[in-house]
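Here the structure comes first, spelled out in structure tokens, and everything after it is commentary.
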Amino acid sequence: MALTLTDLTAPEGFERLVLAEAPEAGLRALICLHSTALGPAAGGCRMWRYADDDAAIRDVTRLARGMTHKNAMADLGLGGGKAVIFGDAATDKTPRMMRAFGAAVEALEGRYWTAEDVGISPEDMAHAAEATRFAVGLSGASGDPSPWTAEGVFRCLQTGAGHVFGTADLTGRRVLVQGLGHVGLSLAEKLAKAGARLTVTDINPAAVQDAAHRLGAAVCAPDAVFDQQVEILAPCALGGVLTDETAQALSASLVCGAANNQLSHDGVATLLAAREITYLPDYVVNAGGIISVASEIHGKPDAWRLERLTAIAGRVGQMLARATETGRAPAQVADEMVAAMLDTRRAA
């Protein structure tokens, strides 16, 4: 199997952008290393049908940058990276393709650690691991990181509720969960158990019907999310849902969800703050999954994972306190905290 790695021109501030191709295996993928200042780059691999190469590059670079921030805020000793595979995960993915992807990761000699993301399962990662030492999140190891992600988001949502509403008790709070994948469904279950008045939506009708039946949740159409009168929005689908327009339409006082890159651009955080809507940056609150992955990379026990998971909610509390003191958006404060961490390491 012929595998070629081609270095593309990386955006300013990024370390490396690699195109991996193995035509016989059906593989065409991008691997992006944003920063290794704090350690080897780590971040998941997703598979998606991109409209064109530019769309894939935009996605992988934004995601890789987000992983730098996420790993820094979670204090994991890891940098930020991401990979995307071109194609339909339901019809195009094969074990051979995943082994070819693993070979591409191996060729980077430990500068990038990969794990599953959208369209990729622990079983897929097991195939990749046949060709690389740097694939994690495998069944029987740290396993599926989704439950850890959901638990971290839930804890941060409680912290945010305490800040916004004066109590972390979610009983009777109107919460909308957008997206019922592994993380979104797990979060919805935790919210229902906590007594929240739940509304759910997803593009998969079966997932919506299941949640409505089991959790007693109300249902809204995917395109009606921002028409709902809710107190808390939990975006758990794909990114870019918070735009100039949706920020103006949103009724919620708190936004806290698992989706990556929820803001269509950084200025949306300022728009939300101007409307007194507290947005908890996704890369801070959804770090539970990468914490699980990091435990496997570093060979740490469950106690280490739980310690880091608990610390996330504590950092959210610090971030909100500093935002209140300075009159700035929490997202701005979080970005400054990450920049300070990176500057300190680079100066060392």
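For all residues, glycine too, the Cβ spot is worked out from N, Cα and C.
Because TrEMBL annotations are produced automatically, they should be read as predictions rather than curated entries.
Feature list (source: TrEMBL):
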ACT_SITE  K82  active site, proton donor/acceptor
BINDING   G179, L180, G181, H182, V183, G184  NAD(+) binding site
Among the binding-site residues L180, V183, whose Cβ has the fewest other Cβ atoms within 10 Å?
L180
Including all protein chains displayed, how many Cβ atoms other than that of G181 (NAD(+) binding site) lie within 10 Å of its Cβ?
18
What other residues of the same chain, not counting G179, L180, G181, H182, V183, G184, have a CB atom within 8 A of the CB centroid of the NAD(+) site?
S146, V177, L185, S186, L187, D202, C236, A237, A258
For V183 (NAD(+) binding site), name the DSSP secondary structure in the helix/strand/coil scheme.
helix
Using Cα coordinates, what distance in whole Å links L180 (NAD(+) binding site) and K82 (active site, proton donor/acceptor)?
23
In this structure, which of the recorded positions K82, H182 has the fewest other Cβ atoms within 10 Å of its Cβ?
H182
Whole-number Å only: compute the distance from the Cα of G184 (NAD(+) binding site) to the Cα of K82 (active site, proton donor/acceptor).
21
Neighbour count, 10 Å Cβ-Cβ cut-off, for G179 (NAD(+) binding site): what number do you get?
26
